[in-house]
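Annotated features in Swiss-Prot:
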- Asp38, Asn40, Asp42, Asp49: Ca(2+) binding site (BINDING)
- 25-60: domain 'EF-hand 1' (DOMAIN)
- 95-130: domain 'EF-hand 2' (DOMAIN)
- 131-166: domain 'EF-hand 3' (DOMAIN)
- Ala2: N,N,N-trimethylalanine (MOD_RES)
- Ser15: phosphoserine (MOD_RES)
- Ser16: phosphoserine (MOD_RES)
- Thr25: phosphothreonine (MOD_RES)
- Thr35: phosphothreonine (MOD_RES)
- Ser75: phosphoserine (MOD_RES)
- Thr101: phosphothreonine (MOD_RES)
Amino acid sequence: MAPKRAKRRTVEGGSSSVFSMFDQTQIQEFKEAFTVIDQNRDGIIDKEDLRDTFAAMGRLNVKNEELDAMMKEASGPINFTVFLTMFGEKLKGADPEDVITGAFKVLDPEGKGTIKKKFLEELLTTQCDRFSQEEIKNMWAAFPPDVGGNVDYKNICYVITHGDAKDQE
């Protein structure tokens, strides 16, 4: 008797379909972000990975309660598929400007609406899809920092999502 062929199961709305929500470039960018957060490179993001990631961004005194709340957003261990699913759920129906602003807010723990030029430049030239010196030069020409060396990220977010600078009233 010949072995039965296994039927392919499809899960509608399940985690296996999360890969269809994003194109290959986006998935690769999420993979790079996952790798940056997975500090110990074990393929799972845990509380210590989050703590180390915050420390790398200069935020040293993150409370356990805050980390626990982040970990509870997942139903179990956070591997790449779970990570992608979590982002897919958060991004579904979200305003792109709000999503991008939210990403910048992570880098602005004091909620000032600005990020230090030096810190942003370091991130953009050393992490994931690295900016060239020419791209950095163009960015500062388009979004010059203030006299204190701070960059208004809300204007950057607006331009990314709308293609033109906000009118200063």
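Think of each number as a place in line: the chain as shown, counted from 1.
Here the Cβ of each residue, glycine as well, is placed from N, Cα and C on the backbone.
The structure, with features from Swiss-Prot marked on it.
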residue	record	Cβ contacts under 8 Å, 6 or more apart
Thr25	phosphothreonine	none
Thr35	phosphothreonine	Arg41
Asp38	Ca(2+) binding site	Ile44, Ile45, Asp49
Asn40	Ca(2+) binding site	Glu48, Asp49, Asp52
Asp42	Ca(2+) binding site	none
Ser75	phosphoserine	Val82
Thr101	phosphothreonine	Tyr153, Lys154, Cys157
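When Cβ atoms from all protein chains are considered, those within 10 Å of Asp49 (Ca(2+) binding site) total 21, not counting its own. Other residues of the chain with a Cβ within 8 Å of the Cβ centroid of Asp38, Asn40, Asp42, Asp49, the Ca(2+) site, are Ile37, Gln39, Arg41, Gly43, Ile44, Ile45, Asp46, Glu48. Reduced to three states, the DSSP call for Ser75 (phosphoserine) is coil. Taking DSSP states H, G and I as helix and E and B as strand, the domain 'EF-hand 1' (25-60) has 23 helix, 1 strand, 12 coil.
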